[in-house]
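Undergrad: Have a look at this one.
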Ligand code: GDP
Ligand code: MG
């Protein structure tokens, strides 16, 4: 049996899915996070149930990719029961989708989620009257508190073969005016004029397409002039019935019915929590919002550096000890010098070097997850709405960009939630400029070496530059090819809430797992490869200055010299960094003879030897800047290709990123070297 969860964005579908399956999918207190359907399975009440988590959607039109994914899936024969997840604290908005789902003619069970919030606020919902009016079971649950979960599945199993209720009871006040006596058959009954047209269209559909399973729904879609259905089911003489689009009439009448339901079933209208209103008054204030955002990000970095550094000492000693033991162990086994060098100077230096940044990365993940789950991140998208509109984009385009602080891959995927294709492509193009967590080790290493007093400020400046460069690129694109922003599309602001430790832990665990698996695979492989090309050359083993790596790096020097990075070691590290940005740092560890790049003394030596090469603060800053902006990592490039289905576009965006990175670093280096 297959059960699909569908509902508005942010109503708790993923939380519910996780609660059932024990999966650890990303939950966030802002819309547009789940963009692909996710599947899992459980056994319950003696039935094997296949669960599907769908992207959130407000309606079943086919305007965005998310809506298409959801709609096509629930229309297919694969689904046995639809569980409509409804945020009970925002019933009015959520019921619009519910009414559309009821019209599909598939078994629907309503999961009235967030009941804990409803109760806390003293709101009451008539759980007897609501199912009576909708004609489907309504089960109160709380996905977060894990209440009502078993009853919900039980209802779904029970309701599977029971689409049409015996008789619906929703006496409208003016029932007598209807000449159609549909109130017993359908929850949603339209005005006589529309019902006449629906009847006519149903008859036409029945003779033209005898095998269709749901005539009423198709008739309604034809009345709305839904592009997909109109094209798929052409009817002769349809223009006599559908002389215009009746979409607005249908929407308005649905909303009137919703109003009627709310009047009858909601006993104490919940107010938006006063605290949320008060907080929004300040946090989304016209003048304060952006300074507050900058301040919040500043705090994030302060914590990332301050607490992260305190924890890092332990990691550092652990790596040191490991390296000593490995050398001793290998020596006692009689291993030769080359193998010891591979293990210690290659693998432990490279992979271990990356692992020592784990505390900082962890803190960054925790603070970002807390911000997301508290509801603050959706405010950020909201306050950027004005700026984004000026750049010709909808404010929603900023959401993928903020996700980019974590990792560009899911961020680029989240651009699917944008309605308009130009918006999507522009967002995909600039999202990699947002400084992802893999770049953090580069900042920590270089700012630690060259700006020990101001490491945090320097790293923070990278994040700001990332945002500013992305915005400027959008501005230029819009000057080049002007587009009117669809600013009617408002971002919904969820309520602030105390972040759930479970949700934060899931998010952090997944990201840390990701980071570790990169350390164990790509970075591991890159470290070994690096060791090989640095220790072997045309003249054999040993001489790094004449190794294959050095030759390759020297070949790249002319490209990097004008931007202050004309050192073969740096060129080589940046080239290797295309596999994953952390590799820039792990390569450094291998390059400079397996130093523990996180120990303070080693850093000082490394900085000194780089200083002898003529590498100054300015070069270090250029290094960070270029690392921030140049080609996204291999995984991101693959994602851009998967999302755009075009190698041409993928190549174009890679070239674009290099060009932007090179030009900007060039300006900084040339200006800087004249000034200082
Ligand atoms: P989705 O967009 O529908 O997948 O929603 P998510 O599962 O990502 O949840 C959105 C937010 O609502 C998260 O912050 C959840 O922690 C929160 N949430 C989900 N279910 C409940 C619930 O039953 N009670 C409360 N208080 N919060 C919930
Ligand atoms: Mg979700």
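For all residues, glycine too, the Cβ spot is worked out from N, Cα and C.
Take a look at what TrEMBL says about it:
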BINDING   7-14, 32-36, 53-56, 113-116  GTP binding site
BINDING   18, 19, 21  Mg(2+) 2 binding site
BINDING   22  Mg(2+) 1 binding site
DOMAIN    1-162  domain 'FeoB-type G'
TRANSMEM  287-307  transmembrane segment
TRANSMEM  347-371  transmembrane segment
TRANSMEM  397-418  transmembrane segment
TRANSMEM  457-480  transmembrane segment
TRANSMEM  515-536  transmembrane segment
TRANSMEM  556-576  transmembrane segment
TRANSMEM  583-606  transmembrane segment
TRANSMEM  618-637  transmembrane segment
TRANSMEM  649-669  transmembrane segment
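Looking at the shown structure, what environment does each listed feature sit in?
TA: Around the Cβ of residue 7 (GTP binding site), the number of neighbouring Cβ atoms within 10 Å comes to 28.
Residue density at residue 19 (Mg(2+) 2 binding site): 19 other Cβ atoms are found within 10 A of its Cβ, drawing on all protein chains shown.
Classification of residue 22 (Mg(2+) 1 binding site) by DSSP places it in coil, neither helical nor stranded.
In the predicted model, the domain 'FeoB-type G' (1-162) has a mean pLDDT of 86.
Remote same-chain partners of the transmembrane segment (618-637), defined as residues 6 or more beyond its termini with a Cβ less than 8 Å from a stretch Cβ, comprise 408-409, 412, 432-433, 435, 438-439, 442-443, 446-447, 449-451, 458, 462, 465-466, 469, 522, 563-565, 570, 574, 577-581, 584, 650, 654, 657-658, 660-662, 664-665, 668-669, 672-673, 676.
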Undergrad: Can you tell me which of these binding-site residues sit near ligand 1, meaning the Cβ is under 6 Å from at least one of its atoms: 13, 18, 19, 21, 22, 55?
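TA: Near the molecule: 13.
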Undergrad: Find, for the listed binding-site residues 10, 18, 21, the residue with the lowest Cβ contact count at a 10 Å cut-off, counting only other Cβ atoms.
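TA: Among the binding-site residues 10, 18, 21, the sparsest Cβ neighbourhood within 10 Å belongs to 21.
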Undergrad: Short question: most Cβ pairs under 8 Å with the transmembrane segment (287-307), which of 347-371, 397-418, 457-480, 515-536, 649-669?
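TA: Most contacts with the transmembrane segment (287-307): 347-371.
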Undergrad: What stretch of 347-371, 397-418, 457-480, 515-536 shows the most Cβ pairs under 8 Å to the transmembrane segment (649-669)?
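TA: The stretch with the most contacts is 457-480.
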Undergrad: Listed binding-site residues: 10, 13, 21, 36, 55. Which have a CB under 6 angstroms from an atom of ligand 2?
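TA: Listed by sequence, the hits are 13.
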Undergrad: Report, as a single number, how many Cβ atoms besides its own are within 10 Å of the Cβ of residue 13 (GTP binding site).
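TA: So the number of other Cβ atoms within 10 Å of residue 13 (GTP binding site) is 29.
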Undergrad: What count of other C-beta atoms do you get within 10 angstroms of the C-beta of residue 114 (GTP binding site), across all chains shown?
TA: 27
